[in-house]
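Read through the structure below, which is laid out as structure tokens, and then see the notes.
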Amino acid sequence: MVTMGQCYYNETIGFFYNNSGKELSSHWRPKDVVVVALGLTVSVLVLLTNLLVIAAIASNRRFHQPIYYLLGNLAAADLFAGVAYLFLMFHTGPRTARLSLQGWFLRQGLLDTSLTASVATLLAIAVERHRSVMAVQLHSRLPRGRVIMLIVGVWVAALGLGLLPAHSWHCLCALDRCSRMAPLLSRSYLAVWALSSLLVFLLMVAVYTRIFFYVRRRVQRMAEHVSRHPHYRETTLSLVKTVVIILGAFVVCWTPGQVVLLLDGLGCKSCNVLAVEKYFLLLAEANSLVNAMVYSCRDAEMRRTFRHLLCCLCLRRSAHKSVRYTPSTQTGPSTRIMLPENGHSLMDSTL
């Protein structure tokens, strides 16, 4: 019999799953096999792509700039997310019942920390891009100290949200507050997590919208003086495409999961959140793969560095030859907004 105010630190995982009404399987079901197979595939792709991004940033001196530190931090957060999801795949299905309470909180904490760091870094990139565009600066002139503070702030927030459930924001002493999707966590934690991600999205929309209208005004103003410049007509369209891809990827990958988290956090009894939770979590994890493509692969210089690194891996004999790699400074209009004014570069904004 459950007593109000009593804590259940010595109970098993099965006790809390039964309390929340979440099924804890004792054998591998077809659904579990499909989820694990997809999860392992996504995790491996996330690890490989983000390792490649980090290697590219480390190997190419052109990327030793503050904005690329943020891109590197995004790749590191997504790499961490891949490791966390890989850990989940090896401790899910029938293996969940064998976890201790500490092991379950570790599994959950790794996911929460890594995904929070990834989302927070997306916002930090948007804020830094806004500052660079409005200050009419090249990204090489961004203060390193500011970027380091942003990165530290990202991980402090991520670690805070990731560690809180294990120490205080759980339901081990209030079973009536347990969520259905995460039976050891308080429903309020899920609601706050979902609302925080929604706030991040709204802030990103506001930031990129402001950047778009600012750049469009500058383009229109300069087009009046140099109307035949071939890049002016492409600039606005390229910027719209980049912003749509960034925000669209976030919406597609995160919205389904945030909706079910919020519904569970608000205690919706009639909502069948358990039927889709694993697939929506997989979709959120896939964002760590999409980030590498949206924020890195659209950069022409980054793509050249990728090709160089992959060629070096495929042709190991050439690794012993002293071949100097000189990166090209030319980039496509889809990745950078170059607005010259009076013969000088107005901005070089990698969105």
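The backbone N, Cα and C atoms fix where each Cβ goes, and this holds for glycine too.
The annotation transmembrane segment is assigned in TrEMBL to 33-55, 67-90, 110-127, 147-170, 190-215, 236-259. For 49-295, the entry in TrEMBL reads domain 'G-protein coupled receptors family 1 profile'.
The transmembrane segment (190-215) shares more Cβ pairs under 8 Å with 236-259 than with any other stretch in the list 67-90, 110-127, 147-170, 236-259. Confidence in the domain 'G-protein coupled receptors family 1 profile' (49-295), given as mean pLDDT, stands at 86. Under 8 Å from some Cβ of the transmembrane segment (236-259) lie the Cβ atoms of residues 119, 122, 194, 197-198, 201, 204-205, 208-209, 211-212, 215-216, 219, 276, 280-281, 283-284, 286-287, 290-291, 294-295, 298, 333-335, 337, 351, all in the same chain and six or more residues away from its ends.
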